[in-house]
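> Can you keep this structure in mind? I'll have questions shortly.
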């Protein structure tokens with residue numbers, strides 16, 4: 001077939017083939033965007049903006065395949081503003097509510113919600129979800145949700161979506177599924193245009209066809225079209241070869257004519273009138289014969305002289321022609337390079353570029369058609385998964401020329417950014433990282449914390465024996481935490497590990513703590529090296545450690561902590577106002593405000609609105625007698641006139657927004673306009689203002705308070721009160737001393753020493769009954785500590801208190817070593833029995849001999865003390881033995897339970913005890929005629945959660961009443 005005819009036939013066939021394709025192209029081909037975070041093909045978020053705001057766009061599909069554990073929640077897909085984090089579009093699964101929620105920004109700047117109810121999406125099974133949004137650029141849009149290939153719900157007449165997208169594509173941020181343990185996202189794609197049937201087939205779903213026939217026949221036509229295109233390609237190949245042959249023939253004829261010497265046009269003489277005779281033309285002039293010395297051949301071509309002239313050999317490799325004229329061969333036409341690799345035609349020869357990314361192989365270079373046909377470039381796929389392309393312990397999927405990183409392997413948790421770490425869970429023994437001697441605790445954010453059990457110490461993953469129960473092991477452990485170091489006082493609890501002379505022996509058990517050669521009992525500076533023992537003021541402290549060297553001050557009190565004792569400091573509180581002029585000498589108050597004009601500043605006035613210059617406070621409740629009404633309707637220890645919730649129990653008096661209404665009775669604790677509980681709440685950050693309620697991971701906790709719920713700059717993991725910004729760590733450094741028998745001189749008052757930043761208290765004297773009470777008040781609380789009597793010379797009472805409201809109202813847990821009758825029989829004979837006792841103190845007389853004898857006595861005393869529980873073993877404490885106590889108090893229901901451990905063994909348990917005498921209060925320690933008591937490793941924690949055994953106790957109580 002001549003070349004022109006072949007070309008015309010080819011183009012005619014192409015036109016005929018494309019005609020049906022053009023007719024069916026009205027059914028647009030789906031455009032698919034892979035949104036998986038791990039996809040190597042994942043698009044830039046800014047690429048979505050021009051697509052979604054295209055005015056011709058009428059169909060958008062979101063397809064996903066995932067598995068969520070029971071009651072899990074997750075944002076599957078969302079578009080947000082990268083500048084202010086506002087939502088443009090978001091699709092969220094709410095597992096606990098069996099709902100899915102679609103949120104998108106309308107034209108008026110408000111968020112529109114579409115709620116799909118009764119969807120079982122978080123049940124630990126794999127689900128396929130298809131979300132179809134139609135007619136988005138009009139005001140009558142619709143949304144259809146398909147679950148596991150079946151339509152589950154649809155909503156009509158919706159406002160426009162995507163119309164609120166910013167005009168700046170760079171300000172759009174794309175967020176997808178945030179994986180949690182046991183959850184995974186297998187597929188996430190955004191599809192624009194196309195038919196529902198086409199998109200559903202991407203999930204291997206074959207829905208009932210309700211599309212027009214033209215749309216449903218697209219698949220058959222595609223197969224027909226592919227066949228026709230294959231035939232067309234074959235025909236075009238034949239035409240190409242034919243054209244190449246025609247070019248060669250034409251070139252040969254051109255060269256032959258150019259070199260032909262005998263060729264020339266015939267000519268005729270003019271005939272005579274009688275004849276017509278052809279006459280040969282005159283002979284042309286003789287041309288000179290050419291030889292090889294004139295270099296007639298193409299460079300590099302061998303030339304041979306012959307009788308008739310010269311003869312040229314064949315063209316060099318890489319060229320084609322007659323030897324005289326040679327043209328470069330395009331070897332790239334024979335496809336020597338790997339598909340997708342650029343072929344560079346050289347003169348002569350060719351070169352293949354390097355293999356594509358994800359492949360490996362040589363860079364091929366050669367000359368000639370034969371070489372190009374027989375030396376094809378070979379590129380082999382690189383298995384990136386063997387080269388650590390994905391993070392360790394994650395799923396890696398090798399693909400041709402690339403790879404894809406999937407979720408963490410089973411048993412691991414994390415992502416490709418944070419890495420995959422061993423999955424931890426307290427519920428699964430195989431995933432529990434804790435020591436067999438530790439308790440596994442799951443925190444609010446799903447983290448796992450390990451805490452060594454009673455009688456053991458360490459970091460929780462490794463635990464060793466701890467005889468004195470001060471949280472330091474008897475021997476050093478193979479871990480790096482502070483609590484892995486060897487206890488420097490193995491048999492004496494010292495949770496601060498103080499060691500003044502750094503000799504490796506703790507001060508608590510070092511007979512010469514400062515290493516000056518003078519035993520502690522004779523040393524006037526026990527913790528300061530002073531061989532000379534100089535003591536200028538003749539008090540009990542030598543000059544080397546005396547904060548007032550020339551003024552006698554045995555209490556060594558130093559209010560402002562400046563190193564100068566109050567006795568010799570002319571500005572005790574360090575507020576810049578001299579004591580003689582300061583209306584609060586021991587409380588900083590530069591403003592010197594004094595509302596009632598009694599010369600006592602408001603900052604330290606026990607009645608700031610009632611004149612009471614003597615500051616008398618008989619019942620030690622921090623409210624002066626002049627304004628103390630003792631009218632307390634809710635029994636939480638705060639009289640009605642000062643209680644910020646007079647009829648609601650709230651001993652802590654927490655008022656987060658400082659509006660004068662306590663959180664317990666405030667509907668909006670943070671005053672951000674979102675109610676704590678009722679719609680449009682509940683507030684996902686109840687204590688931190690966040691009117692927009694941003695919650696990126698949809699876990700029910702707002703972004704602003706995710707890891708620090710009360711925003712007190714102490715993360716929840718170590719915060720003892722995560723929902724109270726006023727309490728962060730256990731600290732008894734500030735305390736109130738309460739003497740319970742202030743009359744008489746038979747004994748002396750207790751001497752309290754606070755160590756380890758307020759987490760350890762020591763009482764050194766054989767004293768009258770007394771309390772050291774912290775200033776922090778609690779509603780529900782867990783209180784624990786280590787109790788140790790470090791002497792063998794006495795056998796009296798030691799313990800702790802809770803629910804302290806005043807010196808006549810508190811709970812006390814007290815332990816007597818032996819049975820003993822109190823030596824003062826007035827006002828009545830009091831007998832103490834050995835063992836642990838839980839008492840409710842509600843004294844009508846207050847501190848004095850009646851309360852003193854009532855505390856000593858084991859049993860109830862009228863108008864003074866009630867015995868709530870006594871350890872039936874009647875076993876006293878042992879000398880120099882450590883015990884650990886755990887108290888749970890929930891004043892809102894009257895729940896009390898206390899347990900004691902000796903080593904790791906539970907030795908006493910009060911069980912559930914119900915009493916509502918005191919509805920919350922402060923914590924502290926108690927002593928009565930017992931010296932050298934140590935309360936070590938003290939810990940308290942806010943906790944209003946009602947323990948499970950309370951419900952069991954109530955059920956049993958009702959059953960007994962019924963019987």
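Yeah, the Cβs are placed from backbone N, Cα and C, and that goes for glycine too.
Pulled from Swiss-Prot, these are the listed features:
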type     : residues : note
COMPBIAS : 662-673  : compositional bias 'Acidic residues'
DISULFID : 292-303  : disulfide bond
DISULFID : 315-326  : disulfide bond
DISULFID : 337-352  : disulfide bond
DISULFID : 385-396  : disulfide bond
DISULFID : 408-420  : disulfide bond
DISULFID : 434-450  : disulfide bond
DISULFID : 452-463  : disulfide bond
DISULFID : 479-484  : disulfide bond
DISULFID : 584-604  : disulfide bond
DISULFID : 607-627  : disulfide bond
DISULFID : 645-665  : disulfide bond
DISULFID : 685-705  : disulfide bond
DOMAIN   : 29-194   : domain 'Laminin G-like'
DOMAIN   : 288-327  : domain 'EGF-like 1'
DOMAIN   : 328-365  : domain 'EGF-like 2'
DOMAIN   : 381-418  : domain 'EGF-like 3'
DOMAIN   : 422-464  : domain 'EGF-like 4'
DOMAIN   : 733-947  : domain 'TSP C-terminal'
CARBOHYD : 614      : N-linked glycosylation site
CARBOHYD : 650      : N-linked glycosylation site
CARBOHYD : 943      : N-linked glycosylation site
REPEAT   : 498-533  : repeat 'TSP type-3 2'
REPEAT   : 593-615  : repeat 'TSP type-3 5'
REPEAT   : 616-653  : repeat 'TSP type-3 6'
REPEAT   : 654-693  : repeat 'TSP type-3 7'
SIGNAL   : 1-26     : signal peptide
> Near residue 292 (disulfide bond), which residues of its chain come within a Cβ-Cβ distance under 8 Å, counting only those 6 or more away in sequence?
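Result: 303, 304, 305, 310.
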> Just to be sure I understand: of 396, 484, 604, 665, 705, which disulfide-bonded residues have a C-alpha no more than 10 angstroms from the C-alpha of residue 408 (disulfide bond)?
396
> Do any residues at least six apart in sequence from residue 326 (disulfide bond), in the same chain, have a Cβ closer than 8 Å to its Cβ, and if so which, in order?
298, 301, 315, 316, 319, 320
> Applying a 10 Å Cβ distance cut-off over all chains shown, what neighbour count does residue 484 (disulfide bond) have?
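The answer is 19.
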> Counting only CB pairs under 8 A, let me know which of 29-194, 328-365, 733-947 has the most with the domain 'EGF-like 4' (422-464).
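By the under-8 Å Cβ criterion, the domain 'EGF-like 4' (422-464) pairs most with 733-947.
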> Any residues 6+ beyond the ends of the repeat 'TSP type-3 6' (616-653) with a Cβ under 8 Å from its own?
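That would be 605-607, 609-610, 660-665, 724, 726-727, 736, 738, 777-779, 803-809, 846-847, 891-892, 916-922, 942.
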> Looking at Cβ-Cβ distances, which residues of the chain lie under 8 angstroms from residue 627 (disulfide bond) while being 6 or more apart from it?
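Correct list: 606, 607, 609, 610, 612, 641.
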> Going by DSSP, how much of the domain 'EGF-like 4' (422-464) is helix, how much is strand and how much is coil, in residues?
3 helix, 16 strand, 24 coil
> Among 614, 650, 943, the glycosylation sites in question, whose Cβ has the most other Cβ atoms within 10 Å in this structure?
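Going through 614, 650, 943 one by one, the largest Cβ count within 10 Å is at 650.
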> Cα-Cα, whole number of Å: residue 665 (disulfide bond) versus residue 604 (disulfide bond)?
28
> Given the model, what does the mean pLDDT over the domain 'Laminin G-like' (29-194) come out as?
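Here the predicted model's pLDDT, averaged over the domain 'Laminin G-like' (29-194), is 81.
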> Where does residue 292 (disulfide bond) sit in DSSP terms: helix, strand, or coil?
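It is helical.
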> By Cβ count within 10 Å, point out the most packed of the disulfide-bonded residues listed: 337, 584.
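Answer by Cβ density within 10 Å: 337.
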> Using DSSP and collapsing to three states, where does residue 408 (disulfide bond) fall: helix, strand or coil?
strand
> Name, in the order they occur in the sequence, the residues of the same chain whose CB lies under 8 A from the CB of residue 396 (disulfide bond) and which sit 6 or more residues away.
384, 385, 389, 390, 403, 404, 405, 406
> When the Cα-Cα distance from residue 450 (disulfide bond) is computed for each of the disulfide-bonded residues 420, 479, 685, which gives the smallest value?
479
> Could you measure between residue 604 (disulfide bond) and residue 685 (disulfide bond) for me? Cα positions, answer in whole angstrom.
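Residue 604 (disulfide bond) and residue 685 (disulfide bond) have their Cα atoms 34 Å apart.
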> Which of the recorded positions 352, 463, 484, 614 has its Cα closest in space to the Cα of residue 584 (disulfide bond)?
614
> Cβ atoms within 10 Å, counted per site: which of 420, 463, 479, 705 has the most, among these disulfide-bonded residues?
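The largest 10 Å Cβ neighbour count belongs to 463.
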